[in-house]
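Student: Before I ask anything, let me first share the structure, which is written out below as structure tokens.
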Amino acid sequence: MPPPCSLLCRLATLLCVWALCQAQLDTKLPPGTPIIQLRLAGDKHKHYEGRVEVYYNGEWGTVCDDDFSIHAANVVCRELGYVEAVSWSPSSKYGKGEGRIWLDNVHCSGLERTLAQCESNGFGVSDCKHSEDVGVVCSQRRIAGFKFISTLTNNVESLNVQVEDVRIRAISSQRKRVPMTEGYLEVKDGGKWRQICDLEWTEMNSRVICGMYGFPGEKRYNTKVYKKKNYWGFGVNCTGNEASLHGCKLGHKVELRGNTTCEKGLPVVVNCVPGRAFAPSHAQGFSKAYRVEQPLVRLRGGANIGEGRVEVLKNGEWGTVCDDSWNLEAATVVCRELGFGSAKEALTGGKLGQGMGPVHMNEVKCSGFEKSLTECYFNRDALGCSHEEDAAVRCNVPAMGFQNRLRLSGGRNPFEGRVEVLAEKNGSLVWGTVCSDSWGTIEATVVCRQLGLGFANNAFQETWYWSGDVSADDVVMSGVRCSGTEMTLAQCLHHGKHLDCPRGGGRFAAGVSCSETAPDLVLNAQVVEHTTYLEDRPMYILQCANEEHCLSSSAAAATSSSYRRLLRFSSQIHNNGLTDFRPRAAHNSWIWHECHRHYHSMEVFTHYDLLSLNGTKVAEGHKASFCLEDTQCEEGIEKRYECANFGQQGITVGCWDTYRHDIDCQWIDVTDVVPGDYIFQVVINPNFEVAESDYTNNVMKCRCRYDGHRIWIGMVSTTSNTWFPCV
């Protein structure tokens, strides 16, 4: 039998552990702690950020940024149901608040359960102005099991909806439909899913929910198939322009009375209308490829469907939008206009790449209900705006389950591997490989987009070094050819059930590597337009150019004393992407050309063509990348690439490479061209050898007229003197 002292020690230990557990389980605040409620307000770019506002003593007020820290931001975010804070911002980043400044010189350890427990000057004691209102950015993740508790006895309608999660739960007859557009609206509070009484429910509320789930519109539903369930204790009040339910206010409290709760109503049901690209059609399943519904606005430079830099068409020319005053309301108008839901994020600072050309809109202000961004108020004077301030969006898109039918296998990380597809074979679904014949960067781009892994980095036609799933070696898809706009690999042209893959799968299966960022080359059309001229050059000094096939075929029979007529011009190629443009070939595999005495890092970097008005090629040229380097850069950006001494080649983000008009092969040989009207075309990276975020801006076209002696660039009509810039 152990001595009495030992028993007492063990008993004391057990009591201490029990007391500690009880303290952790006790959610009550210490006596005397002020009762407050928090919300995030102001001009937001995300729904989980904003100006910190405190409800105390019957009045909403703000918090001063003096002594505020990330620890205080963590307390704020956790009190609102988010896992943690990402950052905080001083100096009224989200706009100036109104009313009292409730807290100043706030000091938190980060362990407090409410901001009211942190040390401060005391409520209402402050020497700050609203220009010092503090804001926070919270993590998107919600606290598991978070339960909303209202401490307000009245004015509950001034609070934002704070729940752990939101979902649309389909009834049994709708569960296999993709996308799932109709079902009960349920909120997760305190770890339990609850439905909402529809007595105060409005179309504006449904509009917000549908927007959250990637749908631009809502419609009525059949009430007969829905029955009463388990209700949440609050209604919801949305204005309709909120980006998510968390931006809506609480409605009236609902008295929970068991089976008699919401006795005169039913659970809220939403019925959403998908955008055209996501709407099922009886003829072909889903739309073959993503296409916008309005031609006046487009997204460029985004890795995934529903995101990109916002560009607007004005007077026949695409331009960008300045990020001054850019917010979720304006971003949501863009998203809905293009057939998506509400905006997840309004991005600023050229975060999805910088555009070219004019800045068409500045200081955009939308109510959120406009049909098009072009209907919003904006300042037409974009003076002071540069492309470093280009606005962008990330939209909510419907859950289509595309990632479940494709996977990467055997790679060193989740961003690379052999492409394996889930396909039907002998009446069952099996995993198999994709034939690598004709497999290229465009096809890899679609794979990376479908998996949500960003941009294609490389396309591989051999994958023996990636040991994929042996049971998936058989080819189930061949003849794949994509345009690059498809949402899934299945939407690309392919052989269907009649496979044709001579090399087979296994080690010769298609593979990809993906990247979250990519370069984006854009040709400066004005430089081409302003530097174009004709030159008659003797054949005897064009021998090196002839060896590199820079002259037309008739030059092969030309004498050394004859002349070639050359259409010469300069090209200035900008990298507006988010990562440097580098040749695909390794440094040691570049090709040496003895005549010009330089290396080619890309055998074909640009195509130069003269086309008839019906698109027939009448003359052509091409340019190898004998020297990809940073000729000049924007202010504050250092050059990284220069060709001297067999140096590394590439174009840095924010820099440009200039091929001057007076170097070899910087021309089109027009010796055999007859006078007339033509289209002058330049295409960068024509074989898609290097992956980019946007290939659509790699082409420049100009109307031109040649009279046999002179050439004019930019003319629209042969019957008028109307001119327009090259595009």
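One-based numbering along the chain as shown.
Any Cβ shown, glycine's included, is placed from N, Cα and C.
Just so you know, TrEMBL annotations never went through curation; they're auto-generated.
What TrEMBL shows for this protein is this:
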SIGNAL    1-23  signal peptide
DOMAIN    38-139  domain 'SRCR'
DISULFID  C64-C128  disulfide bond
DISULFID  C77-C138  disulfide bond
DISULFID  C108-C118  disulfide bond
DOMAIN    168-273  domain 'SRCR'
DISULFID  C238-C248  disulfide bond
DOMAIN    297-396  domain 'SRCR'
DISULFID  C366-C376  disulfide bond
DOMAIN    406-515  domain 'SRCR'
DISULFID  C482-C492  disulfide bond
Student: Mind telling me which of the disulfide-bonded residues C108, C138 has the densest Cβ neighbourhood, counting other Cβ atoms within 10 Å?
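Tutor: The largest 10 Å Cβ neighbour count belongs to C138.
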Student: Highest Cβ count within 10 Å among the disulfide-bonded residues C248, C376: which residue is it?
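Tutor: In terms of Cβ crowding, the pick is C248.
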Student: Counting only residues 6+ apart in the same chain, whose Cβ is under 8 Å from the Cβ of C64 (disulfide bond)?
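Tutor: Spatial neighbours, sequence-distant, of C64 (disulfide bond): I101, L103, D104, N105, V106, S126, C128, E132, D133, V134.
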Student: Determine how many residues of the domain 'SRCR' (38-139) DSSP places in helix, in strand and in coil.
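Tutor: Across the domain 'SRCR' (38-139), the residues distribute as 16 helix, 35 strand, 51 coil.
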Student: Find the one among the disulfide-bonded residues C77, C138, C366 whose C-alpha lies closest to that of C118 (disulfide bond).
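Tutor: Result for C118 (disulfide bond): the nearest of the disulfide-bonded residues is C77.
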Student: What counts of helix, strand and coil residues does DSSP assign across the domain 'SRCR' (406-515)?
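Tutor: Reading the DSSP string over the domain 'SRCR' (406-515) gives 19 helix, 40 strand, 51 coil.
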Student: Under 8 Å Cβ to Cβ from C77 (disulfide bond), same chain, six or more residues apart: give me those in sequence order, or none if nothing qualifies.
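Tutor: Sequence-distant Cβ neighbours: V83, E84, A85, V136, C138, S139.
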Student: State the Cα to Cα distance, in Å, between C108 (disulfide bond) and C248 (disulfide bond), rounded to an integer.
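Tutor: The Cα atom of C108 (disulfide bond) is 29 Å away from the Cα atom of C248 (disulfide bond).
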Student: Using Cβ atoms only, which residues of the same chain lie under 8 Å from C482 (disulfide bond) while being at least 6 residues apart in sequence?
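Tutor: When sequence neighbours closer than 6 are ignored, C482 (disulfide bond) has I442, E443, T445, V446, L489, C492, L493 within Cβ distance under 8 Å.
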Student: May I ask which residues of the same chain, at least 6 positions away in sequence, place their Cβ under 8 angstroms from the Cβ of C366 (disulfide bond)?
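Tutor: Expected: E329, A330, T332, V333, L373, C376, Y377.
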Student: Suppose you look only at the domain 'SRCR' (406-515); what would the mean pLDDT be?
Tutor: 90
Student: With Cβ-Cβ distance below 8 Å and at least 6 positions apart along the chain, what are the contacts of C238 (disulfide bond)? List them in sequence order.
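Tutor: T202, M204, N205, R207, V208, L245, G247, C248, K249 - these are the non-local Cβ neighbours of C238 (disulfide bond), listed in sequence order.
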Student: When secondary structure is assigned with DSSP, how many helix, strand and coil residues does the domain 'SRCR' (168-273) contain?
Tutor: 25 helix, 33 strand, 48 coil
